[in-house]
Every structure is written in structure tokens, then in C-alpha cells.
Amino acid sequence: MPLHLYNTLSRRLEPFSPLHPERVTIYACGVTVYDYCHLGHARSYVAWDVLRRYLTFLGYTVHYVQNFTDIDDKILRRAYENGETMATVSDRYIAAYHQDMAALNILPASAYPRATEVIPEIINLIQGLLDRGYAYVAGGDVYYAVAQFPSYGKLSGRQLEQLMAGASGRIEEEEEQRKRHPLDFALWKAAKPEEMSVYHPWEAPWGKGRPGWHIECSAMVRQAFGATVDIHCGGMDLIFPHHENEIAQSEAVTQQPLARFWLHNGFVTVNTEKMSKSLGNFTTIRDLLAQGLDPMALRLLVLQAQYRKPLDFTPEALTAAAKGWQTLGEALHLHQQIPLPPIDAAEVRSHPKTEAFCQAMDEDLNTAAALAVIFELAKTLNREQHRYLHGGGWGRSPAEVSRDWHTLVTLAQVLGLEAKEESNPALTVELTDEEIQALIAARTAARQAKNYTESDRLRDLLLAQGVKLVDQKDGTTHWFRVPSAP
């Protein structure tokens, strides 16, 4: 079965094919850079990173563009509060974004356009909307006239009347008086005297000011890809109004579809409530990592739910993800413990687990099912590793084990799950097997006596000497050596 993706526009699964046979274009709405990224952002950008990696695995060349919204009411407010310029605030949080995404092993985008870099394109697009009667000037602002776009609401599946009901309470009284329709939205905002200390407004034919949020993405998509992009993606909270408004702006000018596929990821929830900065229930990526959580465990947590489904964030889920990564990481390090013969890449492609993995991914990137395939391989390899290291010899031929391991590494990389090469430069004197067994026996005795301080001390002592312990459910302890740095 070819790759099928759920298209928000058609509200159904569709077989994916790009405009150009071997090249896929993707535009992902990026962050508004006024604060640090939280787990909801990790959820979005891990999802689109996996989409990109899987398309590459299928043989496509992928051009992935993700913007930064670096001018916005929230950024201006933060700059004013801090006594800084808008550019200073934006630059700080853009740098933090790159650090967070690198920690999560998210591939860099092909390009990261900033809204402030495309002001001429934005002005041209607004002028095109004015010329065609889709926009009007009011008090120095420019608004999009939604009533002029007959298919407004097609992405969210709602009529104007329904959308108006949802808009109640979101419109400032002064702004409402300038609008012809309550759902008309700002394409350009006139400069205000109180904002001059944090940014310099741009000149436009209708007056000095700055762009609205929605027009920025329309301009950046058009600059990067022309009229139509293969895939446009973002969080479900962007379906309306942001993506609905993007469609209205772009298609009114080009008369062509803005995107062939619209993909939206589900929310991260805390006690079933959406995690967001506005609700104050968010946890930043860097706070989680500062607590000692392995970035790959966080990535694994995100992947345990298919991207469109909600992901509930709990301490128990974090603990389970950390344990899962320990299992997977042990298998990924197998080559450091067991000599594996080389294999041909075709053997990975023809592996039954590769077929099962692709079946899961072809069903709208079902990472939960794909992970189940990966963990089956990991557990099989860990059993083989324990047998080999503890005198049991090979349970299967080295070639079979090597094929499994190379398949595991390849499939895990498609999900962006990659283990760093473990090393221990502190390892100076190698313990003998007998010394290791004696220390493990002493630790076991301490655990049975509930002397956990001594148990932990012995575990740490062994780890400092390059010996990693893996406690089993039956009470036994397996061990393996962590190679020292070359």
C-alpha cells in the first residue's frame, strides 16, 4: 500500500503523491518567538521531522521550510515588558529553539524564513488583494474581506455563521468598528506610537505599520514554493483561523490551491486539558531535559501516539518512555559488545520487520504501531546480547543477528531515535569477570537487605569502571562493558 495521509481539507485518508514525481515540498508553521518551546512544540516538530525522514526513506528528495514569526503582538508585548527591542527578543528565542530541536534530534529545515525578511513580498500580496477587491483600508489598517471569498471555511468545515459564533469575545471593540464583517482579519496593522520603542515600522502604500500574522505565512509559502506546496502542516489549533485565513489570502490571488495536503497534529494534554502557554500548564523542553530526562526518551514519548491523536503528559508516561529508551538504547549499542559481520543494504530493505514497519507508517504515519515493530526487534537483540555476553554463545548465526541489528538501526533512524556512542574515558583499570560478579553479588545482597544506599554505590562504582548493569524482572542482573573512548 502506498503512503496514505489524512488530509484535513478533504477529511479523509488519501494516497500521497507529490506535484513532481521525485520531490516533495513541505511548509510547516513555525513558532512565534517570544518564549521557550514547550512539549506541544516538541510534539509538532517531531511529527513533521518523522514525516520528512520517512519520505526520504521512501526515496523522495524533500524540501522542508519552516518559518519563524518574529513580529507579533506577543513579541512586542514581551519586548516592551523587558525594555528590549523586538529583534533582541526574537533572536534570543530563535537561538533557544535551535538548541531544543537539536537536542531532540530534529533535522534542520531546508530554510527558516523570518516574517521580517519578506516584508516586500507581504506588501505585494496585500496590494494584490486590494486590487482584486478582497481587502480594504480602514484607519491605516488593511483588512481581508472574508465575505468576498465564497469558499471561506472550507478547511475547518464551517460556514461563516458558525465561525462568527466562535469569534464572539475575540474582537476588540475599536477594531470591530473598523471592520465591515466581524470575521474580517488584519493584513496590515498601522503603527502605534507606544510601539515605536521596540520596533521600526515599515513603509507601505497605505501607511506605516507591520504585517498581520496570517499574511506572513502566505508570503513565505509563495516565496519558497510558488502558488502550491505539496504539504502544509501545523497543530490542530491552527486550522482556524490561521490556516483558513492563509487559504483565503493566497488562493484569492493565485486562483490555485495553496496546498495539496493539509496535515495537523493533535494536542499534548495535561489532565485532558490542552497544554499551552496561555493556560499556564506548559512544561518547556529545556526544563524537562534539565531534570535529567534523556532527549531520546522525550522523543520516544511523543512518538508513542500517532501524530493526530492527543498525547496526555503524565509523570508515569515519562517514566515509561525512559524505560523504553533504556531497552531500545541497549539494543542499538549491541555492536559495541558483539562483533557483527557487514551486510548489504538490500537485506535491510527485504527484512520482514521493514515491511511491517512500512505498513504501519503508510497508514498516516502510525508511529505507535511502527514502534511496536522496533521494540520486537530490540527485545530479540537484547536476549541475543545477554546470551552472548554471559557464556551462552550465539543463539542464531552472526549474519542473522547482524541483519536484525542493521534493520533496527535503520528503522529507528527513520523515527529519529539514535543512540550516541557510549564511552567512558574514566575507565583506567579493567575489572575481571570474577571481580564484576563479586561486586554484583554484593549489590544483590544489599538490595535484598533493603540497603539501597549501598546498592546504588556499588552500581555507580561498576558504571565508573565501564560496567553497565541491567536488572531483570526475575531478580537476576545482566551486565556488559561500555567501551572506553578511543
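Note that Cβ sites are derived from N, Cα and C of the backbone, with glycine treated the same way.
These features come from Swiss-Prot:
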type    : residues                      : note
BINDING : Cys29, Cys217, His242, Glu246 : Zn(2+) binding site
MOTIF   : 31-41                         : motif ''HIGH' region'
MOTIF   : 274-278                       : motif ''KMSKS' region'
BINDING : Lys277                        : ATP binding site
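Positions of Swiss-Prot features highlighted on the structure.
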residue	record	DSSP (3 states)
Cys29	Zn(2+) binding site	coil
Cys217	Zn(2+) binding site	helix
His242	Zn(2+) binding site	helix
Lys277	ATP binding site	coil
Lys277 (ATP binding site) and Glu246 (Zn(2+) binding site), Cα-Cα, nearest whole angstrom:
23
Report the residues of the chain - excluding Cys29, Cys217, His242, Glu246 - with C-beta within 8 Å of the mean position of the site's C-beta atoms, for the recorded Zn(2+) site, in sequence order.
Trp213, His214, Glu216, Ser218, His232, Gly234, Leu238, His243, Asn245
Radius 10 Å, atoms counted are CB only; among the binding-site residues Cys29, Cys217, which position scores highest?
Cys217
Binding-site residues compared (His242, Lys277) - the one with the fewest other Cβ atoms within 10 Å:
Lys277
Neighbour count, 10 Å Cβ-Cβ cut-off, for Glu246 (Zn(2+) binding site): what number do you get?
27
Between Cys217 (Zn(2+) binding site) and Lys277 (ATP binding site), how many Å separate their Cα atoms?
22
Express the distance between the Cα positions of Cys29 (Zn(2+) binding site) and the residue listed as 'ATP binding site' as a whole number of Å.
17
Measure from the CA atom of His242 (Zn(2+) binding site) to the CA atom of Lys277 (ATP binding site) and give the result in Å, rounded to a whole number.
18
